[in-house]
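Peer 1: Here it is: the structure, laid out below.
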């Protein structure tokens, strides 16, 4: 194609023609070190003073808040159903949950502990408490069943709890006080804070009963769970729907509506993972403020349940350019400086609850003398007991786990990338071939001092593509490391969990040859680990080290 003088393409004409103008302007700007050149003249843009757009931040937060609404609707709907249809003491281990909240609400958590030897030879640190007789001492129609069994019972009995009427008749009246051996010292008091607040509010009424006490405790537990869970969903980012399904599942919502301490553990672990995802998207190097924040957030993990402290390994996967190892070690030091003394203080006061016929000393001796067989037993239970439980109780288990897995799989698929490639392909096919050829010919004629030339544009493209390739590779590596660490943390938590069951819940462990199915595992134990599924969902959408 021949171009005459009257039809010659100048650099200024090219710069004025979209969309080629924007591409060449950008490449020329990059190749000239930040200066835009017009016919040999260079003009460098003035640098704006850095400022923070608070109004834009508020608008972005409001736009992101809508994702919390489905979570709140799901939790509120299920919570109201469980709150009104299920009895307040229809839950597993109700003396643990209600007794712990009662001791904290009345200040008895500091009561003295006595060492008592039970019939199996175990030395237990027993704490004597005083409370309503119709709640802790008398028969009151309690249902000590698994969470999934209680939910399944409501679903198959037209939403009726057969023991709720008996529970109300026993609890909704004034009662004398009695002395009982509580289980409040099985965990640290931090575990029961929301439920204790609800009980304290109920005690402001001089005519309170055990029924109103428990109902207020359940309401406070559900409200606290919904608020903290909404914050976790808001901070999660790309994996928000996975986090929503994990926290809005019937199992944790029932725990919250029943006033169980497990709801506090689940929602705090979810918030801990969500804060990790939020901090990992900042893209700036962490200072001492972020280091102190991470240390303070990690401290409550062993106070809630020690087996879930392994989730803290996620923060160690942050790249050194984001969080240096000096600051990581400092955070570990702060964590150890606070938690170790408290653990030493609480160990002589902590109650180890055992099943009938279990001798802790004999089980501990067998474990220390047979470490290999112990490891095989733990691995077998981690791998096969979960599979067996899901297969045997698939209606209860898969009814709660299947929606979570489906949403996670849907978020892993890069729908945005697929749609973007489809649109680009459609746009390329619809553009006339003549327009494409004229754009290429015009760009090939550009030379001289006006712009660095087509070769510089191509070089800039190559350099930019190489940069993005390296950057994306770093992001993929960081994301894969985080996902692998989450798998390791989950495996370690399950191993520690089965180890505690082998120690305190398995009679005659020495005669078992180490190959047994450990009893005592419950479905709610895996829910604090499920929020880490959001790591797989966020991998496709955002890098671990990119800005939010």
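One-based numbering along the chain as shown.
Note: Cβ is positioned from N, Cα and C throughout, glycine not excepted.
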Peer 1: What range among 135-163, 164-192, 251-279 does TrEMBL record as transmembrane segment?
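Peer 2: Residues 251-279 are the ones TrEMBL records as transmembrane segment.
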Peer 1: Of the ranges 93-111, 112-130, 397-415, 416-434, which one does TrEMBL list as transmembrane segment?
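Peer 2: Checking TrEMBL against the ranges 93-111, 112-130, 397-415, 416-434, the transmembrane segment one is 397-415.
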Peer 1: Quick one: sort out which of 219-239, 450-470, 513-533 is the transmembrane segment according to TrEMBL.
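Peer 2: In TrEMBL, residues 219-239 carry the label transmembrane segment.
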Peer 1: Under a Cβ pair cut-off of under 8 Å, which of the recorded stretches 65-85, 219-239, 329-347, 481-505 contacts the transmembrane segment (291-317) most often?
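Peer 2: Out of the listed stretches, 481-505 contacts the transmembrane segment (291-317) most.
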Peer 1: Please report, as numbers and ranges, the same-chain residues at least 6 past the borders of the transmembrane segment (329-347) whose CB is under 8 Å from any CB of it.
Peer 2: 188, 288, 291-292, 294-296, 298-299, 302-303, 312, 315
Peer 1: Any chance the transmembrane segment (65-85) and the transmembrane segment (251-279) have 3 or more Cβ pairs under 8 A, given the pairs are 6 or more apart in sequence?
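Peer 2: They do touch: at least three Cβ pairs between the two stretches lie under 8 Å.
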Peer 1: Counting only residues 6+ away from its ends, which parts of the chain sit with a Cβ under 8 Å from the transmembrane segment (481-505)?
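Peer 2: Contacts with the transmembrane segment (481-505): 280, 306-308, 310-311, 313-314, 316-317, 352-355, 358, 360, 363-364, 367, 374, 377-379, 381-382, 385-386, 518-521, 525-526, 528-529, 532, 535-536, 539, 544.
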